[in-house]
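Student: Structure incoming, see below.
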């Protein structure tokens with residue numbers, strides 16, 4: 001059933017790509033179809049669960065089949081959506097033909113091996129896994145109490161995809177992350193070929209991006225960041241092609257067909273926001289620059305609004321649908337989600353003003369709006385920031401982190417040297433717009449994390465944890481959020497004449513190759529090498545036993561004792577028995593791991609409301625897990641089971 005539905009979803013996505021009329025290569029079309037397929041499947045599952053269609057059509061595959069048939073009938077009955085969009089068919093090597101990219105296949109295999117071998121034990125990853133378990137049921141409550149409030153409110157894309165795989169019998173649900181990253185590299189390569197008209201330049205750019213250690217590391221970690229970054233970066237690449245077409249239409253791309261590119265990039269921006277909620281604010285930058293580009297071109301007066309709508313509607317619709325679900329939750333929303341909902345509402349209002357043509361965004365007007373926005377955001381820090389954080393400390397930390405996070409992207413960050421040798425004023429206008437987008441993304445990121453507060457109380461804490469204890473800051477939100485902009489940064493740098501002219505020989509080529517060398521050394525020494533050794537040492541262990549191990553060097557398993565407790569409990573209790581556990585806030589994160597391993601059990605934690613009431617009103621076999629020495633009041637000695645050397649005991653309660 002899974003493989004049949006996978007084919008249906010892929011075919012729907014491929015038909016959509018072809019119907020856009022974009023004359024891309026077969027490789028790029030297939031990569032696009034795979035990326036879009038993830039969004040299509042998650043959206044269909046969302047519709048299936050939200051509308052409660054399980055009562056009428058039984059299984060999600062039925063809905064996929066209905067959509068497949070309807071789409072097939074529709075494309076037979078109607079002509080292409082967007083006709084006439086053609087690109088130059090210049091001679092180029094395919095990705096498989098570029099000899100230097102063989103290393104990327106090795107990295108793909110290593111990524112798949114890591115995703116297959118290592119269980120999901122990371123703090124955030126465990127909760128996304130639990131969310132997938134909840135979503136794997138045909139009848140789902142998005143407000144399920146099995147998920148803590150913070151992760152319950154996160155957008156559903158990863159949870160829905162996990163749920164699809166879990167319901168299909170897959171245990172290793174993170175295996176699609178390396179494939180997602182590799183598909184994006186295909187797209188990046190073909191977009192680079194199209195723009196640079198040189199397969200060597202495109203190949204080197206793709207190789208530098210694909211070997212970026214931090215990006216490759218996240219290509220198999222079960223978190224949200226790579227997925228959101230890939231979809232946003234794909235949106236930026238097609239947005240750039242759209243901007244290039246608007247600002248200087250060529251013979252190979254007709255002006256009237258820019259709607260296809262706007263729609264494609266808008267869908268990718270929307271899926272990024274469907275993964276991490278703050279990306280709805282990052283979408284404001286390309287939308288704003290698109291309106292500015294259109295308002296300076298007289299030839300686009302007629303189709304101005306239709307192009308804006310094609311990009312804006314899919315960008316804002318998906319996050320808005322999820323925000324609508326959140327507003328129907330009974331529990332109060334986190335303040336950050338309230339702010340994001342307000343921000344999304346403001347974007348809808350701004351879209352309405354742009355479409356009404358009340359004002360035209362000339363270059364001078366755009367600059368004034370940008371300066372005013374930055375001033376307003378800075379002022380707001382002194383008014384709205386929580387009193388427990390000093391605005392000055394917050395600004396100092398954010399300025400420091402603005403630059404410090406990029407040490408984790410060595411050696412790709414060394415490309416920044418070209419910014420100081422290139423004559424940026426001589427860049428074509430479209431490439432200048434791409435540079436402005438990079439700046440706006442960084443500014444948006446700066447203010448998002450400034451308003452979210454500080455993890456550590458002082459500036460010195462951040463300096464110490466960045467340079468002396470980098471493991472404590474390598475996965476902070478601002479570092480992970482930068483994943484989304486690095487593909488655009490690499491693409492932007494390779495647009496420079498300094499790079500294009502010197503890439504065939506001389507110091508520029510040697511410098512680029514040295515960056516690739518540094519990337520591979522870091523991957524080998526810090527990530528791949530230690531992980532391969534760990535895999536070799538633990539290959540004889542079962543998947544369950546690996547969760548009880550210390551974990552790899554780059555991502556130690558902080559819950560190994562908790563997993564041992566959970567697995568031993570699983571051997572003693574039956575499905576349907578009640579389990580009362582210590583506070584979910586205790587060290588070891590009992591709540592996340594227990595919810596993951598003992599998902600089919602009824603779990604109640606000591607810090608839950610009505611804990612003692614539920615304990616007294618039990619109607620089936622009930623077990624209590626306590627730390628050794630604290631169980632005497634509730635457990636009889638004869639029923640007590642010591643759970644190995646974990647420091648915990650399990651007892652069956654007969655009376656209180």
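Each Cβ is built from the backbone N, Cα and C atoms, and glycine gets one as well.
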Student: Scan 200-217, 542-559 against TrEMBL and say which stretch is down as transmembrane segment.
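Tutor: Transmembrane segment, as annotated by TrEMBL, spans 200-217.
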Student: Six or more residues out from either end of the transmembrane segment (31-51), which same-chain residues have a Cβ under 8 Å from its Cβ atoms?
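Tutor: For the transmembrane segment (31-51), the far contacts come to 5, 9-10, 12-14, 16-17, 24, 60, 63-64, 67, 135, 139-140, 142, 156-157, 160-161, 163-164, 176, 179-180, 183-184, 186-187, 190, 230-231, 234, 264, 267-268, 270-271, 274, 318, 321, 325.
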Student: Would you mind listing the long-range same-chain contacts of the transmembrane segment (223-243), meaning Cβ under 8 Å and 6+ residues beyond its ends?
Tutor: 35, 39, 122, 124-125, 128, 154, 157-158, 177, 180-181, 184, 187-188, 191, 194-195, 215, 253, 258, 261-262, 264-269, 271-272, 275-276, 279, 282, 286, 289-290, 293, 307, 311, 430, 433-434, 437, 480-481, 483-488, 491
Student: How about long-range neighbours of the transmembrane segment (483-499): same chain, 6 or more residues beyond its ends, C-beta under 8 Å?
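Tutor: Residues packing against the transmembrane segment (483-499) from afar: 184, 188, 191-192, 195-196, 201, 204-205, 208-209, 212, 214-215, 218, 225-226, 228-229, 232-233, 236-237, 240, 272, 279, 282, 409, 412, 415-416, 418-419, 421-423, 426-427, 431, 434-435, 437-438, 441-442, 508, 512.
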Student: Flag the pair the transmembrane segment (255-273) / the transmembrane segment (279-295) as in contact if three or more Cβ pairs fall under 8 Å (sequence separation 6 or more).
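Tutor: They do touch: at least three Cβ pairs between the two stretches lie under 8 Å.
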Student: By a Cβ-Cβ criterion of under 8 Å, what residues six or more beyond either terminus of the transmembrane segment (161-188) are in contact with it?
Tutor: 1-2, 27-28, 30-32, 34-35, 38, 41-42, 45, 60, 95, 104, 108, 111-112, 114-116, 120, 125, 128-129, 131-137, 140, 205-206, 209-210, 215-216, 219-222, 226-227, 230, 233-234, 237, 487, 491, 543
Student: Which range out of 200-217, 370-390, 402-422 gives the transmembrane segment (434-452) the most CB pairs under 8 Å?
Tutor: 370-390
Student: Give residue numbers and ranges for long-range contacts of the transmembrane segment (279-295): same chain, 6 or more residues beyond its ends, CB-CB under 8 A.
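Tutor: Result: 228, 232, 235-236, 239, 242-243, 246-247, 262, 265, 269-270, 272-273, 304, 307-308, 311-312, 315-316, 319, 340, 343-344, 347, 350-351, 354, 360-363, 366, 369, 433, 436-437, 440-441, 444-445, 448, 484.
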